[in-house]
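Structure record follows, encoded as structure tokens.
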Ligand code: HEC
């Protein structure tokens, strides 16, 4: 009897923690965003590395023209399974300002794996000037920074639709179903075939959006995978410990009754 009660308690605790994670996410989305299936959903979810790598390609070839990713260093890409040599080659495609050298001058050099992602614009004013006065936000934490998280970012990327009758959108603005206020200064960044995936995945707008959001989930919470794996281990350990403690208790008390 007692053993059953214990087991039931442990199971209930597990289920409850799983539910808490899911409902926390659900409560965040307000704009009736369609929930997508994410590899990182739920208690046992992890970042799908192949999707994250494809998403990095989308970021690098499309989004990086306007959006910085200032909290991520090139070497961090190792965590989504990109090899060291490839990381070196990626970093070397960019130039960073370094210095001062012995003569007191600043100088440009190719980026190293330890450098943070090089931003597309020198400063916020330059970024605004190139984007019709609007500032493309840094994307490192965007998935965490917005209500609705991954579903919201996916919603913005796939939400460019013709405005409803009677709504006029000013020059340089675009109608977007998911963006609050529905007028966004970002031109639709994705189209079918914006990138060519090396693994042969078909690059539809939905696929590209899904992949880049998986990548941005990782940049926003790079330690998520490790934390979830540790959490599962801890819970397994506690269940085993509970069983052991119970067995010991029975043995110790056997003769005393
Ligand atoms: C041509 C430049 C440009 C490109 C390319 C671009 N963006 Fe943007 N993006 C902007 C600008 C400008 C804004 C600010 C819009 C505003 O505030 O109206 C923005 C805003 C956003 C937002 C923020 C919405 C919010 O809630 O504030 C997200 C998310 C976003 N972009 C993601 C992306 C992703 C992902 C890509 C690549 C697939 C991308 N963008 C490509 C210019 C761009």
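Placed from the backbone N, Cα and C atoms, the Cβ positions cover glycine too.
Automatic prediction, not curation, is the source of TrEMBL annotations.
Some features that TrEMBL has for this protein:
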- 63, 66, 67, 186: heme c binding site (BINDING)
- 50-180: domain 'Cytochrome c' (DOMAIN)
- 1-26: signal peptide (SIGNAL)
- 230-248: transmembrane segment (TRANSMEM)
For residue 186 (heme c binding site), write down the residues of its own chain that are at least 6 apart in sequence and whose Cβ falls under 8 Å from its Cβ; none is a fine answer. 66, 131, 134, 136, 156, 174, 176
Relative to the mean position of the Cβ atoms of 63, 66, 67, 186, the recorded heme c site, which additional same-chain residues have Cβ within 8 Å? 62, 64, 65, 136, 139, 189
The most crowded of the binding-site residues 63, 66, judged by neighbouring Cβ atoms within 10 Å of its own Cβ, is 63
Cβ-Cβ distance under 8 Å, sequence separation of 6 or more, same chain as residue 67 (heme c binding site); the residues meeting this, in order, are 59, 120, 136, 137, 138, 139
Where does residue 63 (heme c binding site) sit in the DSSP three-state scheme? helix
